[in-house]
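As C-alpha cells, the structure follows; a few thoughts come after it.
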Amino acid sequence: MAEKYIIRVTTGSDYNIDNHVVVPVNSHETVKLSNDLIDAEINVRVQNYRGLPRNSPTTSPYFSLEPHATNNDQYSLAIRFTPKRPSKSRRQNPPSVTGSRPHSRSDQAPNGLSSNEEVPAGKSGDSEPAGKDDASLTEAGISGHDLQFGNDFDHPIRDRLPPGFSYAMNIVKWWIDPGLDGDPYADMPHLYGPGLSSFNSLHVGAGEHDPDKGGLYFEEGGDEAGIEARREIGAPDGAKERKKWALNNASKDKWVFEYGKTYCVDFFNPYLDFSEFSLRLPGFTLPIMKYWDGQGLRARPKRSHTLRYVLRNRSTGDTYLVILFTLYLKEDVNEDGSLKPAALQAMREDKEMAKEAGKIADRDDADVNAVGTAPTNAGGDDDVD
C-alpha cells in the first residue's frame, strides 16, 4: 500500500498549513521561521526518502556520521532556536495538564540555567513540586518543565489504534522516552515529553552548520559558556546521562531556556521508517499504513494523512513551531510536485479540523511570518473553494 502514497514535509510557526513552507528534505539548507515567540532554523533528514519536493536527495551525509550510522537512524529533526520574551501569550489551546508545575527559582546562571541549589527533600522525582510563584522562571525564559516536544492530533484515534498498541507504548516509555506523557485515547490525543529529556542531542549555544554533515549538526554539550552553565547546575555532559538526569523534577527546576539565548536540539531515532511506513521497536514491528493519524487508508474516507511534531509551552499553551509529515495519494500530486485539487481540498479539510479543535485562530493567517528556503508555501495554488 505504501507505493500508492507520497510524503511531503512542511513547517511553520503554528498549526495553520497556509502559513507553512515546504521543507527541502535532506538538503543542508535550513528553513527559517520567525514569530513573536521564537526565531528558529530547521533541517529535516529522512533516510531512503522518496517524497516531495521531486528529485530530493534520498539520504543525507548526516546518516553516515556517528552515532547515526551505528544506530541506523532513520530520520532527524534538527532545530536551532532562540526564544523571545513574549509581549503576550499567543495561546491557541488551553494549557495542558501534562507534567508537573515547576518550582520557583530566582538565581540564574549564564545561558538561562539556574544555579545549583539544594532542593528540599521530597521535591524530586515524580513528586508534585510545591512552588507558589512561577514569575521568576517566566521572566528569564522557558522552564525545563514547560518546553515540550511531541505529537498531537485534532481528532480521536482510539478506534483506529492497532492491536498491541499498549505494549508498544510501554516499550516507548521504558526504552526510548520515559518522560513521554499524554493520552492517545482522548478526543484530541497528544503525546508530549519535556524537551529536556526527549531530545537526543541538546547543545547550549549556536552549534554548527556544515553542508558536509548535512546542515545543522549538534553534539551534546555547548559552547564554552553553555558547557559552564550546564555544569553549574549539575547537568551531565553526556546525552544519555542528561536525558536520565532531566527526568527528575529537581533537574527541570534548575533549567531555563533563556530568552535571547540560542539552543540547538536534534530529535532522531531508528524506529520510525518513513520509506516503508513502519514502526520498528525492540521486539515489535508495526506497519503503520493502516493507522497513520488514526484514519483508515481505505477507498475514500480521507485523501491525505498527517503526522505532526510540535514544539510548545506546557503552561501557556503557546506553539513555537510545527513540523508536519503529510501523506498524499500519488494520483493527487502533479509531476512538478504541486498539489492537485483533490489534495488541496483534503488539506482544507485538515485545516478546518484543526480550527474546530481550537488550534487555529482567525488572526493566525496574518499573525505569523515564516521565511524558508523552499520557493513556495505549503498551500499551493488556491484554486479550490
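Cβ from N, Cα, C; glycine included.
Quick caveat, the model's predicted, so the values are computed rather than measured.
Among the ranges 200-230, 355-385, the stretch that TrEMBL annotates as region 'Disordered' is 355-385.
Packing against the region 'Disordered' (50-69) from elsewhere in the chain are residues 6-9, 22, 24-28, 76, 212-215, 217, 268, 274-275, 333, 335-337, 374: each is 6 or more residues past its ends and has a CB under 8 Å from a CB in it. Taking DSSP states H, G and I as helix and E and B as strand, the region 'Disordered' (50-69) has 6 helix, 0 strand, 14 coil.
Confidence over the domain 'Domain of unknown function at the cortex 1' (7-86), given as mean pLDDT on the 0 to 100 scale, stands at 97.
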